[in-house]
Amino acid sequence: MRVTMVGTGYVGLVSGACFSEFGHQVICVDKDASKVEALRRGEIPIYEPGLDKLVAENVAAGRLSFTTDLAASVEGAEAVFIAVGTPSRRGDGHADLTYVYAAAEEIAAALRGYAVVVTKSTVPVGTGAEVERRIRAVRPDFAFDVASNPEFLREGSAIEDFRRPDRVVVGTDSARARAVLRQLYRPLSLLDTPFVFTSRETSELIKYASNAFLATKITFINEMADLCEKVGADVQDVARGIGLDGRIGRKFLHAGPGFGGSCFPKDTLALVRTARDYEAPTRIVEAVVAVNDARKDAMADKVIAAVGGSVAGKTVAVLGVTFKPNTDDMRDAPSLAILPRLIAAGARIRAYDPEGMTAAAALIDGVDWVSDAYATLPGADVLVIITEWNEFRALDLARVRSALNSPIIVDLRNIYRPEEMSEAGFTYFSIGRPPVAAH
Ligand code: UDX
């Protein structure tokens with residue numbers, strides 16, 4: 001089948017490359033000419049494991065190409081995906097749909113035969129109907145359908161998530177559009193992937209409800225972690241103890257410094273706003289947003305408490321600044337709240353992240369960025385782990401201990417076992433577990 005993917009951001013690029021891998025003929029479109037030029041040279045603008053290879057292979061096979069010419073790319077396409085950004089609108093937290101509607105109108109003008117226009121961007125309920133209205137206004141007599149097909153990709157494992165999704169959700173009332181999408185995802189139906197065919201509005205809401213539920217799960221365990229710290233309980237055992245109940249499930253119960261990233265913060269906020277507009281407030285999700293925001297700030301206080309109440313004049317070694325490992329993405333990363341607070345409290349920060357330092361340096365002033373984990377340590381008064389990159393799990397603890405000025409670790413991701421840290425001579429603070437002193 002012939003597919004056009006409008007937008008070569010995270011979702012567009014991964015989806016486009018994966019559809020071409022399925023055997024379809026895919027053209028990815030972006031307005032940014034320098035980005036398209038770079039993609040044609042095989043340079044991938046984001047860090048996503050395996051994506052460079054996937055793109056290169058499919059470009060070489062003649063199934064994947066890049067262009068700035070939207071009109072030409074739409075010609076002959078059976079499905080045209082809108083995968084442009086929907087950032088939070090400044091001021092009110094609503095999703096900003098300017099790019100979605102602009103793409104819809106350009107697509108409308110370029111349609112030559114029947115096509116399904118599919119919104120893949122995360123869009124509020126009702127956006128599909130508005131996209132249809134806008135296309136209809138440009139092309140009153142033309143046959144087309146507008147479907148919703150939300151994406152559930154996680155950064156860092158996006159390709160695997162696309163190839164083996166838990167489900168595919170398609171929202172449309174049109175049998176013809178349904179047939180096109182079924183055909184597009186045919187390799188997945190061969191794997192027995194469940195398909196949820198539903199209305200457009202329902203499909204749009206499923207995406208927000210999924211992300212809000214996962215964000216709620218994380219926030220729930222984070223609050224339990226705070227309670228564990230007060231009563232001397234262990235949140236990891238709580239997570240395991242409740243998660244083994246199949247109705248609860250074990251995933252997404254890892255306590256930490258609060259969720260970040262490009263989706264959960266933006267989507268929970270947008271859901272709260274939509275629900276308020278329809279006078280059906282989602283009070284649980286409102287609490288999740290507020291608790292998570294406060295948590296990121298509270299993490300700086302945890303570091304300050306660990307060094308005895310003040311970081312003024314002290315050196316803080318920081319490992320990991322991205323919102324999670326295996327990405328260079330800094331969007332809404334907890335470090336963006338934690339580091340400026342520590343700096344404002346008088347700390348000197350020496351930090352390292354395997355992929356995120358370029359993006360982070362543009363967002364946080366006054367940090368001394370160094371080129372590997374051990375270089376953060378000399379003379380530091382505390383070591384803080386903010387992101388759980390694998391390479392931090394295997395540090396040489398004796399080397400860490402001897403480089404630090406005082407052997408204190410604040411581990412906001414629970415990547416070490418407390419007994420092991422005590423044995424290794426550290427005072428060790430983690431999340432939702434009793435702190436331990438050096439053995
Ligand atoms: C998320 C959704 O998982 C995905 O389905 C959706 O399409 C986009 O948003 P992503 O933002 O890439 O994906 O990352 P994810 O792995 O879900 O983590 C989000 C945040 O939650 C991170 O900050 C992570 O550190 C945090 N998290 C996740 C926890 O703190 N604890 C957990 O148990 C899981």
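Yeah, the Cβs are placed from backbone N, Cα and C, and that goes for glycine too.
Features of the protein shown, as given by TrEMBL:
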- D30, K35, T86, T122, E155, K266, R331: NAD(+) binding site (BINDING)
- F152, L153, R154, E155, K207, F252, L253, H254, A255, G256, G260, K324: substrate binding site (BINDING)
- C263: active site, nucleophile (ACT_SITE)
- 317-418: domain 'UDP-glucose/GDP-mannose dehydrogenase C-terminal' (DOMAIN)
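Taken in sequence order, the recorded positions D30, T86, K207, A255, C263, R331 that lie near ligand 1, meaning a CB under 6 Å from one of its atoms, are C263. Taken residue by residue, the domain 'UDP-glucose/GDP-mannose dehydrogenase C-terminal' (317-418) breaks down under DSSP into 32 helix, 19 strand, 51 coil. According to DSSP, A255 (substrate binding site) is assigned to coil rather than to any helix or strand. Residues F152, L153, R154, E155, K207, F252, L253, H254, A255, G256, G260, K324 are listed as the substrate binders, and the farthest two of them sit 24 Å apart at their Cα atoms. For K35 (NAD(+) binding site), the number of other Cβ atoms no farther than 10 Å from its own Cβ, over all displayed protein chains, is 18. Fewest other C-beta atoms within 10 angstroms, among the binding-site residues R154, K207, K266, R331, are seen around R154.
Relative to G260 (substrate binding site), the binding-site residues D30, K35, E155 all have Cα atoms farther than 10 Å away. Every protein chain considered, the tally of other Cβ atoms within 10 Å of the Cβ of E155 (NAD(+) binding site) stands at 24. With R154 (substrate binding site) as the anchor, the candidate recorded positions are D30, T86, T122, C263, R331, and the one with the nearest CA is C263. When the CA atoms are compared, no binding-site residues among the candidates K207, L253, A255 lie within 10 A of E155 (NAD(+) binding site).
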